[in-house]
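The following features are taken from TrEMBL:
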- A:6-25: transmembrane segment (TRANSMEM)
- A:37-58: transmembrane segment (TRANSMEM)
- A:64-86: transmembrane segment (TRANSMEM)
- A:98-124: transmembrane segment (TRANSMEM)
- A:144-172: transmembrane segment (TRANSMEM)
- A:203-224: transmembrane segment (TRANSMEM)
- A:230-247: transmembrane segment (TRANSMEM)
- A:254-272: transmembrane segment (TRANSMEM)
- A:284-300: transmembrane segment (TRANSMEM)
Amino acid sequence: MDTIIIDGLSFALPLFIIAIGGIYSEKSGITNLALEGFQGFGAFIGAMSAVLIANAFGTDIQNLFYVALLFAMIGGMGFSIIHAVLSIKFKADQVISGVVINILALALTTFLTTQINALVFGAASDKFRLGVSERFTIEGVANIPVIGAVFTNVYPFEVIIIVIAFFAWYLLYKTKFGMRLRASGENPHSVDAAGVNVSKIRFSAVLISGLLSGLGGMCFAYSISANFSSNIYMGYGFLAIAALIFGNWRILPTLAACLLFGFAKSGGAFIAQSMALPSSFTDLFMILPYVLTLLLLIFFSKSNRAPRALGEIYDKGKR
Amino acid sequence: MSDYIVEMKHITKRFPGIVANDDVSIGIKKGEIFALLGENGAGKSTLMSILGGMYEPDEGEIYIRGEKVQISSPNHAAKLNIGMVHQHFKLVSDYTITENIILGVEPMKKFAGLFPYVDIRNANRKIEELSKNFGLEVDPTKKIADLTVSMQQRVEILKVLYREAEILIFDEPTAVLTPQEIEFLLGIIEGLRNGGKTIILITHKLEEIKKVADRCAVLNKGNLVDVLDVKETSTKQMAQLMVGREVNFESAKAPAVMKEEVLKVDHLTVKNEDGFEVVKDVSFTIHSGEIFAIAGVADNGQVEIADAIAGLTKVSGGKVLLQGKDITNESIRNRTEMGISYIPEDRQSFGLVLDFDLSTNLALKQYYREPFASKGILSKEEFEQFGSKLIDKYDIRSGQGIKTQVRSMSGGNQQKAIIAREIELQSPLMIFVQPTRGVDIGAIENIHKMMIQQRDQGKAILLVSLELDEIMNVADTIGVIYNGQLQKIASSESLTTNEVGEYMMGAKHE
Ligand SMILES: Nc1ncnc2c1ncn2[C@@H]1O[C@H](COP(=O)(O)OP(=O)(O)O)[C@@H](O)[C@H]1O
Ligand SMILES: [Mg+2]
């Protein structure tokens, strides 16, 4: 039971922060299927920075977690510029742009990983080995039954994510930037008429989605996969999109959706383990979150409402 | 220094392929209501968008309070105390009134001296006060989605007042309102003027100008025709200047000669996608030689009635009978063949295939039949012959005759093409939904004439329109709808415009 909660949380929270990135982008009116690519590319930049720094200064890679996190955010944000420029400046189709960016990220990072491994380390590997970030347990509260699991074996990034998520909520709902951002996704003409630059707002929103996705991707790399490789492109970005849709583009309900996915995943793994099934069957249980997605789609696709101007190219002159 | 608060000198603005404003010069005095009159496409909105900072002119100069300015953005215009109430509202329907008004000029406060946040509560108070001062009472915490059109317009007006506008531009503000609402709005506009504001009122409705404006500039095809003193000019003179020729306001119309019943709508109920009843238990009949008009404020179920008769919407209760036959569950094509012509509200999406040429569009409802097609093969000559015939007969004007891509035609001529096509079907029942929306006075006159002609030839005609003038003008029988229910059915002579307006608002009952 405790493992389900512990593993579920450590999966759900990075997913959650990626989904928040998606919420920012989509609330501003830009369809964002590129979350998958952003998180992978961000994680790549973070992991690369970590292994290179570790190599140059002989630091233990475990201690470079925060450095990697920072670089991952910068990397994710940098990569997201492509989506922003294509869909805002060049008014390209946002769905196509997103799909292409995902393919690009996968190909580019796989290629660069093997190249860097070969050139710098002289090793033929398609991975950057990172290990698992250290965890902490809050003594005392950890002993409370059930709830205690929440405070046991916590990754530091889980705390960081919760703090950032809170700040993201504040920015989106309490500040003028957030108010203008949400209005841009509902009716960009109203924002324009109010003398605010819609393109700038949407640009920032997409960059924020890149930044948060990079953060989320790095957390995956430092926890469940313990390395950076093309395995990071497991569809987590798409799962985040599913979560934000089930969450009706709102932050708290999206957290609920992420937790559901997280517990479905850890629960599935737990069942597979406790039944001591061969590994090929474990994979079967790994599809649980996705099956859940399909089921939820049936119930939620009717009642949920996307931002009104989502995916529409904004043309100032058009009346 | 001149006594003008706004001066626009020699303004020229070109769009690809058209000169929207051609060397236009006007001066507006402080504290007057200055009207801008002209047909659709005359360049009124463009001229005022230049003043509002939406467009920059290609040539010409603007002086505000005697000072030369280049208005580069709506923000800049707002700084010069110029505010525009747009023709198409620019509101976020998910936001409250307050949030919409303060968007772009949000009042801020700091939480714990550190975190800035938008001070909604204070803004609510301020807007409530403002709205009371100008007689525009609203509840600032309500969402736009829950407001009527006229309330939404109040929000647009409050938006510019909140930004401390002294010069207020209204772009066709009455187009979407009922007579009572228009009355109220004109009152507000006069009040603003009396409070010292300068008002520019764009419209193509002459009575409104006559009622409130002090002076009036007339635009025609981008050119300034004249600037008139409203008191000394008759509406007839204004209309002539606007159209550039003599116009008839009233369609000459012989009394209706009604014969047998053509359409019977019996306890019709229609539900929308959400299962909500938008048409509730509606019954009426239309006879051969009768124009039956449904009057009502937009979105009260009138379009759904027309759609249900034409087969575009599913009926959830009641019956539709055409010449005594139950057609409630017939397909659209069967209905067309049994005798229904339909001129839809949205001519560009439903009435025409914009990228097809004119002759194809004209044959769109008959192409599968002899002589247009034989054994499944289409005959090009037949299309072209038929097209040429209709272009002559109905005076459809276009750049390249039958080969013209319909997209490039003007709205009035697109509409003429649809009406021509539908008349040619010779159906006993013709349904017109908003046939004159967005077309100019000349074309309106023409369309009304065609409708009356068809009536005189023994067709039954259903007209759905939001323009009360149009209904009073052409209808023989009027059914007023409110909230999905017919409030009143009576002959048009027995009703006054004001009475119809009251039924439309649900203020008066049978
Ligand atoms: N943004 C634009 N791009 C191209 N043409 C335009 C644009 N805005 C207006 N026009 C054209 O300029 C002319 C004047 O339009 P407008 O000022 O809206 O007329 P009005 O408000 O008098 O009906 C019309 O022919 C219209 O099609
Ligand atoms: Mg206009």
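Every residue, even glycine, has its Cβ placed from backbone N, Cα and C.
When Cβ distances are compared across the two stretches, the transmembrane segment (A:144-172) makes contact with the transmembrane segment (A:6-25), since 3 or more pairs at least 6 residues apart fall below 8 angstroms. Of the two recorded stretches, the transmembrane segment (A:284-300) lies close to the transmembrane segment (A:230-247), with three or more CB pairs under 8 Å once pairs fewer than 6 apart in sequence are set aside. Most Cβ pairs under 8 Å to the transmembrane segment (A:230-247), among the stretches A:6-25, A:98-124, A:203-224, A:254-272, belong to A:6-25. Tertiary neighbourhood of the transmembrane segment (A:37-58): same-chain residues 18, 21, 64-65, 67-80, 83, 98, 101-106, 108-109, 112-113, 116, 120-121, 128-130, 209-211, 213-218, 220-221, 227-228, 232-233, 236-237, 240, selected by CB-CB distance under 8 Å and a gap of 6+ residues from either end. Of the two recorded stretches, the transmembrane segment (A:6-25) does not lie close to the transmembrane segment (A:98-124), with fewer than three CB pairs under 8 Å once pairs fewer than 6 apart in sequence are set aside.
In this chain, the transmembrane segment (A:203-224) lies in contact with the transmembrane segment (A:64-86); the count of Cβ pairs under 8 Å, excluding pairs fewer than 6 apart in sequence, is at least 3.
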